[in-house]
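A.B. asks: One structure coming up, written as structure tokens, with questions to follow.
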Amino acid sequence: MAEASRWHRGGTPQHKPHYGREVEIRTTLQELLLYLIFLVNLCICKYTDRTNFKSIRSITDFWKFMEGPLLEGLYWDSWYNSEKLYDLKNSSRIYYENILLGVPRVRQLKVRNNTCKVYSSFQSLMSECYDRYTSGNEDLSEFGLKQDTEWTYSAPRTNSPWHWGFVGVYQNGGYMFTLSKLKSETKTKFINLRLNSWITRGTRVIFIDFSLYNANVNLFCIIRLVAEFPATGGILTSWQFYSVKLLRYVSYYDYFIASCEITFCIFLIVFTTQEIKNINEFKYAYFKSIWNWLELLLLALCFVAVFLNSYCIIQVFLLLGKLLKNTEEYSDFYFLAYWHIYYNNIIAITIFFAWIKIFKFISFNKTMSQLSSTLSRCIKDIVGFAIMFFIIFFAYAQLGFLVFGSQVDDFSTFHNSIFAQFRIVLGDFNFAGIQQANRILGPIYFITFIFFVFFVLLNMFLAIINDTYSEVKADYSIGRRPDFELGKMIKESYHNVLEKLNLRKPQKDEDKKNAERMKKWKARLEKKYYSTEIQDDYQPVTQQEFRELFLYAVELEKELHYVSLKLNRVMRKVSALQY
């Protein structure tokens, strides 16, 4: 690179001639424009993709849901068709909004008996004890009728993702069965399972999985209904609806997105090459800048996103055809949806840091430059304040968890207590529940927390920011602003265009006005401080006069710099003539 931008070097930049700074500004402006194109392309690549079950509280409610709403919903107006589902154009179900792919599957995970320890005094009273679900406690033996797949354990596949529930993390496999295409057979199946106690005390979770395809919007919807049976009793229900675009390139707009993805890869290669050159050029100084670390993080996230996207495309190419052909079996699209969700998460984080990188180029705006200077100056004070804040904050979170955890849902766990306190700071709280849980400690906890955290600590934080911002604003008011300003170059270019279009007077006239203004300053200052009529050596300086003195010194420095540049040019010409 002939000229690198200022952020590639760590530490304080050295003073450079005026013409060198102009080249530096132009280089950074080019980087900003190129990066904006990259950011728009990245956003385009991302934003083009996007009794009921909840009321179940007991095993009886669960079977009512299975034999009622679930059965009616799945077999509404004949979802199933004997035609091959992958040939959507010949399918008679194309009339309906959604197509059910394959058949639904129901899966159960259990734990063994005597997996928990019972206190010796109660061992004679309890013959069964089922602990919470873990892979070590999982029951793998046959039970019930000991026939068919719903009564025998099926081992999980190696590439199947685990499910993170409310009270446990569950692996694939278990006791499973698929539903029939006939409603009567499915209903008979449910009744048989209910009468033969398919759900036991050892049951810890039941999954209901099925997948839909909507041809109108070319989206696959992978649905998972989860009923967890915690060791404490009862049922906790949850659900997942993953809408993913597995058939990526169908319409002309999809091919436009493909071109954007190719452009993204080209940008990635160019930026990676550029950063490698900068590392080789600046060595250890490169790692002294926080923007360079952000650049490396952004590149790493981009490479991860490209890898996951490629992996998803390959897996869809290998598995989609097989899944659509198996119309008589359960089509496990959850694996594909799982990795698409991971890809979307990585892209979301990448776009977040890509937008944060815009702050690297905010020096062309005075207000944003003041903001960044304020944050950089007060970062040490904020870190010290954050330590004190979180000590008090976590102390109150622990107090709330121990005092109210057994009675107030917002404080049921330690991390719930932390989020509940953040909501209290924002004004969202349930004081009645806290007071009802403990009529003495509840009000004391609430009042002291509001006083120390809201009135004291948060105001200290605002005072730190406000005090530093006042200092930065005062420095800017007397001219102590960064020399590196893209806005200045943009303004000069705009004035040059106006001069060429005869819409503005030439710069020479402006220089004459500046020269006349400097003469007036000089005359007024000499009259005040160097007049023979004044005998007193001490003369007070007002803020306005100090500002004029400072600006006068700046103008003199500019003139001296201009004369120095001319002298250097003359010396170079003389040296060239000698040789």
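Glycine is treated like the rest: Cβ placed from N, Cα and C.
What TrEMBL records for this protein is below:
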- Glu548: Ca(2+) binding site (BINDING)
- Cys116-Cys129: disulfide bond (DISULFID)
- 52-247: domain 'Polycystin' (DOMAIN)
- 248-472: domain 'Polycystin cation channel PKD1/PKD2' (DOMAIN)
- 252-272: transmembrane segment (TRANSMEM)
- 293-321: transmembrane segment (TRANSMEM)
- 341-362: transmembrane segment (TRANSMEM)
- 382-404: transmembrane segment (TRANSMEM)
- 444-465: transmembrane segment (TRANSMEM)
A.B. asks: Would you mind giving the whole-number mean pLDDT across the domain 'Polycystin cation channel PKD1/PKD2' (248-472)?
C.D. replies: 87
A.B. asks: Near the transmembrane segment (293-321), which same-chain residues lie under 8 Å Cβ to Cβ, leaving out any that are not at least 6 residues past its ends?
C.D. replies: 86, 246-248, 261, 264-265, 268, 271-272, 275, 287, 335-336, 339-340, 342-343, 346-347, 349-350, 353-354, 356-357, 360
A.B. asks: Count the CB pairs under 8 A between the transmembrane segment (444-465) and each of 252-272, 341-362, 382-404, then give me the winner.
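C.D. replies: Comparing 252-272, 341-362, 382-404: 382-404 has the most Cβ pairs near the transmembrane segment (444-465).
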A.B. asks: Looking only at Cβ atoms, how many others are within 10 Å of the one on Cys129 (disulfide bond)?
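C.D. replies: So the Cβ neighbour count for Cys129 (disulfide bond) comes to 17.
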A.B. asks: Near Cys116 (disulfide bond), which residues of its chain come within a Cβ-Cβ distance under 8 Å, counting only those 6 or more away in sequence?
C.D. replies: Cys129, Tyr130, Asp131, Ala231
